Amino acid sequence: MVLESTVKPCDFVLFGTKGDLARRKLLPSLYQLEKTGLIHQDTRIIGVARNEMSLDEYVALVKENIEKFSGEALCQDTWQQFSAKLDYVKVDMKDTASYGAFKEHVDASRTMVCYLATPPAIYGDICKGLYQADIIDASMRVVLEKPIGHDFASSQVINDQVAEYFNENQIYRIDHYLGKETVLNLIALRFANSLFATNWDHNCIDHVQISVAESVGIEGRWGYFDEAGQMRDMVQNHLLQILSLIAMEPPTDLNADSIRDEKLKVLKALRPINSHNIADKTVRGQYTSGFVKGEEVPGYLEEPDANQKSGTETFVAMKVELDNWRWAGVPFYLRTGKRMPTKSSEIVIVFKPQPHNLFKESFKELPPNKLTIRLQPDEGVEVTVMNKVPGLTGSSAMDLQKTKLNLSFSETFQDERIADAYEKLLLEVMMGNQALFVRRDEVEQAWSWVDSIIEAWESSNEPPEPYQAGTWGPVASIALMARDERNWVESSVKKKK
Ligand SMILES: NC(=O)C1=CN([C@@H]2O[C@H](COP(=O)(O)OP(=O)(O)OC[C@H]3O[C@@H](n4cnc5c(N)ncnc54)[C@H](OP(=O)(O)O)[C@@H]3O)[C@@H](O)[C@H]2O)C=CC1
Ligand SMILES: O=C1O[C@H](COP(=O)(O)O)[C@@H](O)[C@H](O)[C@H]1O
């Protein structure tokens with residue numbers, strides 16, 4: 001179904017249009033929005049890169065990328081409409097004097113959205129260049145890719161540079177996990193269902209697990225990844241954002257700042273991890289060679305361009321505690337790693353056991369109820385409940401069985417395509433809604449908590465623990481849970497295979 005256009009026309013300027021993110025994600029997402037009729041027909045999409053290219057060459061390049069990365073055959077009608085919106089400008093983004101070239105390509109009557117898909121180190125130059133060319137006005141929006149900085153101090157520098165030219169209500173900091181259907185569904189699940197809303201605290205929940213496993217390695221991004229590591233690449237942003245949505249208090253409404261105020265309170269409640277408790281609370285690992293989905297893959301230190309002495313972590317597991325009323329005594333166990341057996345992101349809410357067991361004859365200990373939220377793949381929600389096995393056997397004793405109430409998005413919403421997270425976020429920027437973007441204080445709060453962990457790792461001088469590619473991480477991550485007499489819930493993706 002083609003939807004009515006709901007977005008006002010804009011000049012969507014894509015800085016770094018030849019880069020990996022733009023090619024793989026942003027251009028295909030814009031194309032999909034065109035296909036669903038969600039881009040206004042007067043919108044322009046202006047690619048910016050530093051080399052000479054004619055418009056025809058640029059259009060051909062965009063077509064090639066969409067064919068390669070959209071995962072479907074090109075729809076000729078959509079492509080015709082989409083390609084007519086394309087434009088290209090050559091700018092050396094570091095040369096702040098070269099931005100005059102823009103003027104003839106943009107139209108002051110349209111809102112300008114500048115997407116900075118470039119290294120964050122040049123965000124400041126881009127903002128300054130736009131300012132010097134007198135292009136910035138109050139309606140303009142700027143989208144910043146993650147990571148914003150390397151730590152608290154460097155994120156402040158970048159945020160200050162951008163804030164010199166833009167107000168906070170013009171700045172859209174992307175965390176693409178916030179555009180994933182299932183992450184958004186956390187808000188619906190929690191606040192549209194009294195079943196969960198009334199059981200969502202330390203009285204009813206034993207612990208929470210958040211696992212984000214990737215089967216890929218670093219995909220040729222050694223230069224970036226080795227400086228970052230899994231903590232900065234995944235935990236500082238995606239995992240802490242998911243945790244905030246699970247743990248936050250109900251916002252008064254769904255406005256951007258109402259939600260972001262509540263997420264910030266969660267980040268402020270994170271119990272510090274430092275050199276006193278680092279060994280008990282965290283595990284870091286680095287993959288060695290192994291087999292993923294039957295294919296032999298190199299170890300981290302054997303990746304192209306690798307520095308063979310690198311101590312960068314590709315896996316993190318941690319026990320996180322929140323010092324607030326709702327979550328007192330409820331640990332959040334987080335784990336994320338590259339080169340795991342499968343791609344699988346899941347949240348598991350494990351509820352407390354019943355106070356008294358009436359069914360000792362069939363179950364010495366009743367297994368706890370679990371709510372599993374499958375973020376990807378096979379997006380859905382699953383509740384594990386105990387059920388009587390139908391039949392006449394037994395008298396007072398009942399045969400019980402652990403069963404699942406399973407809501408699979410693809411089965412339940414068969415007519416709906418699950419959009420890529422970037423589609424959702426690009427649309428929200430065009431509509432001027434900041435609710436799914438991260439505010440400066442959230443980014444800084446997350447960095448200050450993460451900085452203390454990284455400092456503790458560095459001062460401990462302990463190398464990351466090796467784990468074979470294609471496994472679920474170092475054995476120590478199992479011990480992290482076992483110490484608390486708990487264990488990681490097996491990925492539902494793995495169980496199906
Ligand atoms: N790739 C991904 O999957 C993800 C990326 N990100 C973030 O997105 C941003 C972009 O990443 P990615 O696409 O991977 O990076 P790339 O290096 O692939 O792309 C960056 C682009 O910026 C351009 N650029 C850099 N300096 C200049 C300059 N002075 N003038 C003009 N153009 C310049 C590069 O041009 P040239 O081609 O000429 O070198 C390149 O096309 C980064 O902030 C990254 O952290 C975030 C999440 C995932
Ligand atoms: O931001 C990033 O995310 C991807 C994982 O994203 P997903 O949507 O595929 O789960 C990760 O591979 C990359 O290293 C990181 O920069």
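Glycine residues also receive a Cβ, built from the backbone N, Cα and C atoms like all the rest.
Look at TrEMBL and you will find 13-185 tagged as domain 'Glucose-6-phosphate dehydrogenase NAD-binding'.
As annotated by TrEMBL, NADP(+) binding site applies to ARG50, LYS146. Less than 8 angstroms from the CB of LYS146 (NADP(+) binding site) sit ARG173, ILE174, ASP175, ASN237, each of them six or more residues away in the same chain.
Taken from TrEMBL, the feature substrate binding site applies to HIS176, LYS180, GLU214, ASP233, LYS338, LYS343. The Cβ of LYS180 (substrate binding site) has 24 neighbouring Cβ atoms from other residues within 10 Å, across all protein chains displayed.
Among the features that TrEMBL reports, domain 'Glucose-6-phosphate dehydrogenase C-terminal' is placed at 188-488.
Taken from TrEMBL, the feature active site, proton acceptor covers HIS238. For HIS238 (active site, proton acceptor), other Cβ atoms within 10 Å of its Cβ number 22.
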Tertiary neighbours of HIS176 (substrate binding site) (same chain, Cβ under 8 Å, six or more apart):
LYS25, HIS238, ALA421, TYR422, LEU425
Which of these binding-site residues (ARG50, LYS180, ASP233, LYS338, LYS343) have a C-beta closer than 6 Å to some atom of ligand 2?
ASP233
Distance-selected recorded positions near ligand 1 (C-beta under 6 Å), from ARG50, ASP233, HIS238, LYS338, LYS343:
ARG50
Could you state, as a whole number of Å, the largest distance between Cα atoms of any two of HIS176, LYS180, GLU214, ASP233, LYS338, LYS343, the listed substrate binders?
20
ARG50 (NADP(+) binding site) and GLU214 (substrate binding site), distance between Cα atoms, whole Å:
33
For the binding-site residues GLU214, ASP233, work out the Cβ neighbour count at 10 Å and name the residue with the minimum.
GLU214
Got a sec? Which of these binding-site residues, ARG50, LYS338, has the most Cβ atoms within 10 Å?
LYS338
